Structure formats: C-alpha cells, structure tokens
Amino acid sequence: LTGVLDDCLCDIESIDDFNTFKIFPKIQKLQERDYFRYYKVNLKRPCPFWADDGHCSIKDCHVEPCPESKIPVGIKAGSSNKYSKAVNNSKELEDCEQANKLGAVNSTLSNQSKEAFIDWARYDDSQDHFCELDDERSPDAQYVDLLLNPERYTGYKGPSAWRVWNSIYEENCFKPRSVYRPLNPLAPSRGGDDGESFYTWLEGLCLEKRVFYKLISGLHASINLHLCANYLLEETWGKPRWGPNVKEFTRRFDPVETKGEGPRRLKNLYFLYLIELRALSKVAPYFERSVVDLYTGNGHEDAESKALLLDIFRDTKSFHMHFDEKSMFAGDKKGAKSLKEEFRLHFKNISRIMDCVGCDKCRLWGKLQTQGLGTALKILFSEKEIQSLPENSPSKGFQLTRQEIVALVNAFGRLSTSIRELQNFKVLLQHTR
C-alpha cells in the first residue's frame, strides 16, 4: 500500500514513518496511565433497533462479574464503595477470576482504583461540562480497566455481527438502497458489477458525505486489523495463545481475495488516522491551559501524564501534511449548518447501533472507538470556541468530559496500533512467500 490518499495531500509512507517513530511509542505509554486506562461504560443498554437475538455465547465474549453480595464490582456511588479483606479472600473471588481468565470483560478493580474514581467524579462534577453522557449517570454503567480487557478476536462473527455493520452502512452513510456495497454478504447477487456502481455513486457525493463513509470504513478496517493481530491461535490445557493470524489478514485485506476492496479499506484507515490526528493537533490549546489537569489524585503521576500528552500534541503539530477540515461545510451558511447537523445525527445513530453488538468485549471497544471519533469530530467543528478559551477558568463554549478525553486518546491509540500492526503483517507476509 503506497502513494497519496484521496481527498487529501498526504502519502501513506509519511504516515507510516511518523506513526512508527513519533506517535506509537508515546501513545502506548499514555494509555497505560491511570487516567486513560479506566473507561466507564454501560454494557447493558438494550439494542434500540431490533430484538437482541444474536448475543454471543462464547466464553471470551462474556462479562462474568462476581456476585454483587460478595465483592464490589465496578464503581459504586457515594459511601457504598467499601472493601473487605474477608470477601477478597473468599472462594467466590477465586471462581470469578477463573471465569474471567479467558478474556471476559474484567470489571473488578483494586481498592485504590475505586477510591481514586470517587475523587475523579468529584473533580469532574466541579468542572463546567460541555455535555453529560447518559452512560455515566446510569446505575448500569461501570468502570472497566482497558488494560485487562484488550481488544482481540473473540469468535463473535456471522449474521449477528454482519447485521450491525450492515445497519451502519445501509442506513447511516447517506447511501440509497439501490446501490450495493461490494462484498456485502447480505446484498442480493448482482452479476459482475464488482462494486463499480458503488464507487461511481461514492465519487458523485459531496466531500462531507464521502468523508463520512471513509471514516466508518476506516473504523471497520481498524477493528478488523486488531482482530487479525490478536487472534486466538490455539488453546492448550486452558491456556490461550494469542497472536497475528496471517491467513485471516489475507482473507480480509488481500487485493485478490477481496477483489480490490482490501487496499481501499486500508486507505480509509489511514484517512481516519489523519482525521483524528488533526483533531489532536487542534485541541492542544484546551489542554495547554494550567486550569486543565488530568486529575487522579496522584499529583506526581498527573503531572507526568499531562507532560506526556503535551509532548504528543507537539508531535501532532509538527506533522506537515494534515487534512484540511476547512474544506468541509464550507458552502452557504444555511446549507452548511443543515449538513453538519445531518452529519451529527447520523454519527449519533451509529453510536446507538453499538448497543446492538452481541459480544460484550466487542461492544466495549466499539463504543469507545465510536465515542473517540465523535469527540474528534466535535473538536474539528469547534475551532473558534477552542481558540477563544480563557486561560484560567472553564469555558462555556467548549468542554470535554473525562469520558470524552479517555475515548479520544484510546481511539487514536487503536488507530496508531492498527498502522503499526500493518507494518508487522507486511514482514510476516514476506516470510510466508
């Protein structure tokens, strides 16, 4: 995969080098810090669009919390956040840990982490929020340690998984029903089209709607890459071995096996990386202010986390081939405002579709990456508000919640990892030939 990307003046080789040598090592470190590793999510929200008949029954998909009467799971409000050594040493805990070993979403947290969350919540409540997310207020929402729940192949596939992506593409990417996406297993057979009519339609769209499709396709490609790179290769005596699956990667991205679709998908991944990279460079002034802390209650760690984040921002600003978002929504004011609102509503709908994912671990990472992209778009369309932020007080014009910050950084971290994994697959493919 080489050359210049469509709809921007950036080439793939420049992104590869920039990501490998500047971004990837630092974003990996940042994601390990307490502020960024805990994400609050509601995995119990019902699917709003169809009956949830495709729930994943594979062990690795499941959340298996310990009985609530025995051990505190997730984060509880107020003074109910108690911790008992007797409970901690009980057999139920051992059984629960055994059940979680194969990769179920592990929502148990240390006592220290729980106490930190109470402080974080108080600190967040004192800030002048731009918006409040439903998930954070729900009694079903719980903190998840992202480092204990890595995104990887769980075995969740087939019609249920396809229905989620089909709904996203068919109903939310401005596409008429008569135009079929290439390689869509749910589309009727249509002879030797090979996607020509689809790409003719796509090229005929305005830039904004074309960008929207590419962002969704890029997100889909990135998630597929994570699954190929962290695949359950074998399990002997209850011990799973995870690693890159070249055969699966080839099936999803090889030009011959995908009739040319694979490289297009990967180009959209690079395009999505550029969009989120641009958002990070634009939001830097928000974090550069002394009034913004990455607050966990540990002053030394908080200072180090902020220094590392600002270092990443400096790198993002140094990149010389950014996507120019000013070309978007640049028509007459009324038309541009209407299109932007349409854009926002379509994206909001996609985030709701993530509640229809039957595998809890897939749902967790789907929700996080969707929210991260949504936050990036919010940043790109708030440039004036960010530029006019007061130095020493919260702003009414632009605010990010801790949830949005955690999602933004981790979503970009996933894209950075995807591009790094792509380099690994190139090497593996050369060795298998």
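Heads up, residue numbers simply count up from 1 along the chain you see.
Backbone N, Cα and C atoms are what each Cβ position is placed from, and that goes for glycine too.
Remember, TrEMBL labels are computer predictions, not curated facts.
Per TrEMBL, the feature active site, nucleophile maps to Cys359.
Annotated active site per TrEMBL: Cys362, in sequence order. Counted within 10 Å of its Cβ, the other Cβ atoms near Cys362 (active site) come to 23, all protein chains included.
Annotation for Ser217 (FAD binding site): spatial neighbours Arg264, Arg265, Asn268, criterion Cβ-Cβ under 8 Å with sequence separation of six or more. Among the features that TrEMBL reports, FAD binding site is placed at Arg152, Thr154, Trp165, Ser217, His220, Arg252.
TrEMBL lists Cys56-Cys61 (among others) with the feature disulfide bond.
Summarising the annotation, TrEMBL assigns disulfide bond to Cys96-Cys131 (among others).
Marked as disulfide bond by TrEMBL: Cys359-Cys362 (among others).
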Fill in the CA-CA distance, Trp165 (FAD binding site) to Cys359 (active site, nucleophile), as an integer in Å.
14
Which of Arg152, His220, Arg252, all binding-site residues, has a Cβ with the fewest other Cβ atoms inside 10 Å:
His220
If we check Cα distances from Cys359 (active site, nucleophile), which of the binding-site residues Arg152, Thr154, His220 wins as closest?
Thr154
As a whole number of Å, the Cα atom of His220 (FAD binding site) is distant from the Cα atom of Cys362 (active site) by 12
